[in-house]
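Student: Okay, handing you the structure first.
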Amino acid sequence: MDNIAKQEFHLRDLETKSVTLFPSRAQIVREIKDLQLTPGLNEITIVGLTPTLDEDSIKVEGTGSATISDISVDLVANLELFEDHYPSEEDDSDSLSDFDAEDKPDFGYDGKLEALEDQVTLLNDEQARAREKIASADRRLKILDSYGNSLDKKRNVVIEQGLDTYREEREKVFLDHQEGTLELRRIQKELKDVEKERIKVARLEGKEKKKWAKGVAKRSAAHTKLAERREAKRRDKKREKERIKKERATFWPKFHYTATITLDASAYTPVSSRRSSVASEADLQLLKEKDQAAGAETGESSSSSAKCDLLITYVTSSAFWAPSYDLQLSTINNTANLSFEAKLTNTTSETWRNAKIILSTSQTTFAGLEDALPTLVPWHVKLGNRTSGVFASDILHSREERKEQVDWEIQRHKHERVQKPRAELFGLWENEAGGALAAQQAQNVGYVKNRINMAQQAQLAAVEIDARNALQPDAYRNKGPVLEAYSKNISASIPPPPALARAGSVMKSKKKRGSSSFTPTAYGATASARRGGPGGWVGGGGGGGGDSSGGEEEEADGAGDGDGDDKTMLEDSPELDFQDSAMEETGLTTTYDLPGQRTLAPRSRASKQRIARINFSNVVFNHTVVAKYKPVAYLKAKLRNASKLTLLRGPAGLTVDGSFMGRTRLPRCSAGESFVLSLGIDPAIRVVYPKPEVRRSTSGLFSKEDSSIYTRTVTITNTKATAGKVATLYVLDQVPISEDERLRVDILSPRGLVSGGSAVASGVPGREGSENKDWGKATALLRKGNEISWEVNLKAGKSVKLTLDYEIAAPAGEHVIQC
């Protein structure tokens, strides 16, 4: 085994050739081109297959100079780390720094204020000198006065000389005082002017400062608002990143399948490589000559290496498609436009890039291939004891019939209900960074397989119980405890793995689960006559799950029909057109090839693709009135599918005359057939249904009967203003049915109504006036169960009154009650 050449491919690196989506699963075809092989055995390992695939559906085929000797598939732990493929992005450092207010600018007033303040200081100094000069003069005058008062006390003093001296000195003092006063007055005036100028300049500077401060506050508020917006944007981006991470983690596999393909390139093989097939020597010789010629053209030696192309096909139940519609109706033109869309769902762990997408109506979940044709078993009956409690209904079904019906229901629904639990297969481990985690994952694979096997067995048991309850409710009711005990017994029989027993804190207990076990099986090589090549076909495959043939054409009833996010858009002119899909019918199956190549990534919500657009003409609109229960008119539309498409059952957005009405569900409709849609209450049709009137009948006055006549009327008005538009209405009412031969019920009006008879004319104008006489026409018909049905053709703006009279006659003294 040491000389085996080994190559490993991850599934994400392989080309997706095609994806065929069915209503409940999908078939994927992957391709490996120009695979280099060395002489001898080659082991090709493909890792990363989604854990939701059906391991029995994997098959390999291709072309080249080799044969497939063995294929094995196994579930293994995913040793890749989520953070390696989706690294955490650093937060964007676009947050603003703190607002830094700029320095106070020079407003041009600082120099003026300084000069004025210096001038004020100088004037204050001069004012002080002037005041000092005045104070000195005052003081000298006081001294001089004191000197004059002392002259009379001195002796030998000549008075004339003293007076002259006093006059001279006083005159000097006066001049100094007057000079100081004038100087002080001048200085004060100048100081006042300078102070006024300084106040003016300071006020102007204050205005400029206030204006600057307001601008600073405004810029600071804008900065704060911008910072808040950026912070909110950063939080939104962070939440979006967390959402994307959570979305990706939802489809991150804890385990995946690995397919190992062993190719033998040691010798040339015949066109057919199936073990049971036989090829002649002429075929082998011709194959050698072709291969040698190809090697001569390329200049390569065919003995040194070989090439082949491989196709890997497998089926998964976690991808499907469902129909969705957008129906626009026009009651004016009696036309409709239907947009047929497909909702594509992929909840696997794989991304199918640039693949050809094919939609098929084949129901591959159940084709009945493994179910044998039933054979009727003789049904023997006998008389039972009178006390055995056996009733006639007990022999409606034989025991074999009940058993076959239960088996049939189980067979139909087990593929729909029995799925691999996603919680065991997808998500993140609690700690992905530990080095021992990979080893623990590998040890837990077997435990996880058992857990998935147990879950699937429990689901099968639930399907069986539901089937029995549906078909035999009396014999198989309230079996919930049985299923619970069954699940507990299975759980108890599975011992925990050693790794979990020793290190249970490594991963959450709710995540200690996985996938079903699978024994590697050697697949024989297969051949195909549909394609040719230098080395013919090589291939191997599993069970029949990989093929989509043989299934009935079923409507898409499964998941993915959600109505919450669907919107109906009104068409504008000119409208943006879509490229329709190519349709092909093969027996009971219809396929739609979407144009171009598409990429389907795993998503929790379905994506929409346009399939086709269908136009309906001659749409029949009519109204149904059951005024006895509700005095309203229900509008219905009957459409005929004149296209070649089969419309599958699915949700539809409904628009009537440009107004979105809501969502409804389209029934299945084959090509050439018709279907009816209820459009709700039409407010344009007004219905009045007064209380019934009753009066005593004159025919019973001289008889031994009590007779009464009951009158019910319904008035219907067509308030639509469209000239010439006639509304078709079906009005329903009823009269009692007698269950006693002594109780007689006769219909008096409309006259001539008999059960099974022809329709009679009925109805009178609902309004007075000659202009209301031409309201239309109405006919009445008596149906089974004493139901009266009027067919009314009511013109626009007109009204009609329909009257129902019936007589009830009962024996005198008896009263009538409902059964």
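Note: Cβ is positioned from N, Cα and C throughout, glycine not excepted.
Straight out of TrEMBL:
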- 113-140: coiled coil (COILED)
- 225-243: compositional bias 'Basic and acidic residues' (COMPBIAS)
- 532-549: compositional bias 'Gly residues' (COMPBIAS)
- 550-564: compositional bias 'Acidic residues' (COMPBIAS)
- 19-144: domain 'DUF4140' (DOMAIN)
- 311-811: domain 'DUF4139' (DOMAIN)
- 223-243: region 'Disordered' (REGION)
- 490-581: region 'Disordered' (REGION)
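Each of these features: where is it, how hidden is it, and who are its neighbours?
Tutor: Confidence for the coiled coil (113-140), expressed as mean pLDDT, is 85.
Per DSSP, the secondary structure of the compositional bias 'Basic and acidic residues' (225-243) breaks down as 19 helix, 0 strand, 0 coil.
Mapped onto DSSP classes, the domain 'DUF4140' (19-144) shows 42 helix, 42 strand, 42 coil.
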Student: Short question: which residues 6 or more past the ends of the coiled coil (113-140) have a Cβ under 8 Å from it?
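Tutor: Same-chain residues near the coiled coil (113-140) but 6 or more away: 169, 173-174, 176-177, 179-181, 183-184, 187-188, 190-191, 194-195, 197-198, 201-202, 205.
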